[in-house]
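Quick look at what TrEMBL annotates:
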COMPBIAS  61-74  compositional bias 'Basic and acidic residues'
COMPBIAS  80-90  compositional bias 'Acidic residues'
COMPBIAS  125-135  compositional bias 'Basic residues'
COMPBIAS  147-161  compositional bias 'Polar residues'
DOMAIN    13-62  domain 'Nse4/EID protein Nse3/MAGE-binding'
DOMAIN    219-306  domain 'Non-structural maintenance of chromosome element 4 C-terminal'
REGION    56-91  region 'Disordered'
REGION    125-161  region 'Disordered'
Amino acid sequence: MGKVKQTADAALDSRVMVLASDLAGKKLSNSLHGNTGVGLDLDQFVSKCIFFMRSGGSQTDDQRARSLTQERYRGQAALQEDDEDDDTGDGLDWTVLGGQACFPCNRRPPVSSFLLGPLSVQKRARTTQVRRAKSQRQPVGPATRPQELQQSDLKQSENSNLTHLVKGIKAKLEQHIRDGEERVVAELEEIEGNPDEEDTKAACRRHRVYPSCENELCVSLFDFVVNPNSFGQTVENLFYVSFLIREGNAMVTEDNHGLPLLVPSAPRSLQEQRQQNVQKHQAIFSIDYQIWKTLIEAFDIREPLIPHRMPEETNVSANGWYS
C-alpha cells in the first residue's frame with residue numbers, strides 16, 4: 001500500500017482485502033459448524049465417539065483401517081443402538097471420553113463464563129391489546145360560554161381617545177394664534193404714534209405669539225407643548241403634536257434666532273405634494289427632566305397653553321371590565 005499513488009488503485013486493493021477477509025470468515029465458520037463439504041463430518045465424529053466409549057478407550061489397527069463408508073454405517077447403527085440403550089437403561093461410558101479425550105486436550109477449568117445463554121429460558125407470550133372505544137368525557141360542572149361584550153361595556157373616555165386629543169390640540173393651536181393676533185393688534189392701536197419693531201416684539205411676547213421669517217404670527221413649539229405642572233404631560237403633548245405635523249395639519253418653521261415655531265396648515269393631497277415637490281423630513285427630539293425645567297425658565301411658562309389633563313380614576317365594572 002505504500003507504493004500506491006492513485007486513489008482508484010487503493011480502492012481496488014481495499015476491496016480485495018475485504019473479499020479475502022469475508023472468504024476466510026466463511027471458511028472458518030464452515031469448519032466450526034461442521035459443514036460436510038468443508039470441515040468436520042459430524043456423522044463420522046459421532047460414530048467414532050460412540051465406538052470409543054463402548055470399547056473402553058482402546059482401538060485396534062484393524063479398526064483403524066476400515067473405510068469411511070463402513071464407519072458411517074457403523075455410526076448410524078450405533079445411533080440406533082444408542083436409542084435402544086436409552087430405552088433399556090444402558091448408557092455410554094462418558095467418563096472414558098472425558099478422561100482420555102476431553103481433559104488432556106482442554107486444561108482450562110469449566111467456569112460459568114463459558115456458558116452460552118441463560119440456564120432457564122422462558123418464552124415470552126405475545127399479548128394482544130384490545131382496543132376500546134374512547135369514552136366521552138362527561139362535563140364536571142355546568143358549561144359556560146364566553147361573555148359577549150357590548151359597546152357600552154367598553155367605555156372610552158374623551159381624554160384617553162387619541163383622535164379626540166389631537167383634534168382638540170389643533171383647535172387650541174388655531175384659537176390661540178387668532179386670539180393672540182387680536183390682542184397684539186389691539187395693544188398696538190392703543191400706543192400713540194406709530195409703534196416700532198421693539199413694541200411689536202414686546203406685545204407678541206406678552207401674548208405668547210412670535211412672528212416668523214415671513215412675518216406670519218406663530219406660536220413657539222416649546223411654549224406650546226411644555227406643561228409646567230407635569231413633565232409626563234409635556235412628553236405626551238410632543239407626541240400629539242407630532243401627529244399633527246405628520247398629517248399635515250401643522251407645520252414647523254423657524255424664527256430669526258433659529259428656534260422652532262408651530263403654525264397651523266392645511267393638509268395637501270398626494271397630487272399637490274407631487275406638483276409642489278413637497279419633501280418630508282424626520283427629526284428626533286429628546287427631552288429629560290433637566291431640559292424641561294430649563295425650558296420653563298427660558299420661556300417664563302406659568303400656565304400651559306394646552307390645558308392640563310386631570311388623571312382619571314379607573315373603575316372596574318360588575319362584569320370585571322375596566323371603564
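Positions of Cβ are set from backbone N, Cα and C atoms, glycine also.
Just so you know, TrEMBL annotations are computer predictions that nobody has curated.
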Helix, strand and coil counts within the domain 'Non-structural maintenance of chromosome element 4 C-terminal' (219-306) (DSSP): 37 helix, 12 strand, 39 coil
Per-region confidence, the domain 'Nse4/EID protein Nse3/MAGE-binding' (13-62) (mean pLDDT, whole number): 76
